[in-house]
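*Asks:* Before I ask anything, let me first share the structure, which is written out below as structure tokens.
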């Protein structure tokens, strides 16, 4: 009952005073104008920045919403939406422009829900990760657009197959009890990625994102990690093996939040496919290597899902308003999911924040780390957890905490410095320590219809 009630209540809160928006396809120049128009209408809670340029030199613009734009506030989570990764999958691009206008207008109207969301969350919206591909697709138009026309970037590369393959390293690391988070990148990774991919990797390395979704088209389903199957015996493009993350139940809940707030995604039957509850594990659908959502989870603190939003990759303009109304509540409700689990500060005995502290949850073999200011955010389902904070040079600290169904629980850690032993004390255990070091194994640095994600 509660699963159905929350989207309904949220939708009612958004209906009051909802403004009429323009439902048009936006070429690059028009997209830029739309972003700057929103920024000029809400200058005190927005900021526009570019994370880099595409192959053909177009800016990869991001519109930020925050009560303090450009500033990370301690204990305020960072959220992002990325659209148009595949240039010919355009609905996400238009929905994110509509969402930007909507957030601005509702904030100006004093909508309590939207005001609270912007004040409590730092929201980053990138309408187009592949503006070059979009221009190729847009020249064909919605009526004659080929299924693959404009999908790739200007170098002909599928950006959702272009991130470093950290899944393989993670699967090997798991076998030898190696690191389960922030898997290191191969030495030569920069030479293997496109400018757009490089820009996104540097972007997500610079911001401590907590939750994210990337918007695609060609199906209607909320897809969650892992995208890549561990089973490498099958070389067929159609191999399907359910491959859950350690946070599988949480990812299912995140995906259902979107699908049940969407007008019809949760029904399951869409585009000739059936997905129970409108969600799927990525590898269970089909295995995909070097994808963006797995990379977010394995390289950063960010939990990302992939949203397939329309059967038609390039829907006609007359369908855009219907699609916006179907997705509006879901887009807002998913942002709100960043406020769950636990969060807090990791500091030393002088209350100085400790960056890079590791937060481990007993029973979930995926850790996250604190940000530059020492604040951390760990998404969790309701329940009781044993949580440990550890940092080099400090004694680890373990606490037990209970997470409720509403706001995140506040759990701070104040770590004490380790006591440095005298040389004579170290000498007694030196042989034993050296033997352990010799035995330690290290992860090597680096040795469908598949057109949807």
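Cβ coordinates are placed from backbone N, Cα and C, and glycine is handled just like the others.
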*Asks:* Which is it, of 390-421, 422-453, that TrEMBL names as region 'Disordered'?
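*Replies:* It is 422-453 that TrEMBL annotates as region 'Disordered'.
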*Asks:* Suppose you look only at the domain 'Peptidase M14' (24-338); what would the mean pLDDT be?
*Replies:* 94
*Asks:* Provide the number of Cβ atoms within 10 Å of the Cβ of residue 308 (active site, proton donor/acceptor), excluding the reference atom itself.
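*Replies:* Other Cβ atoms found within 10 Å: 27.
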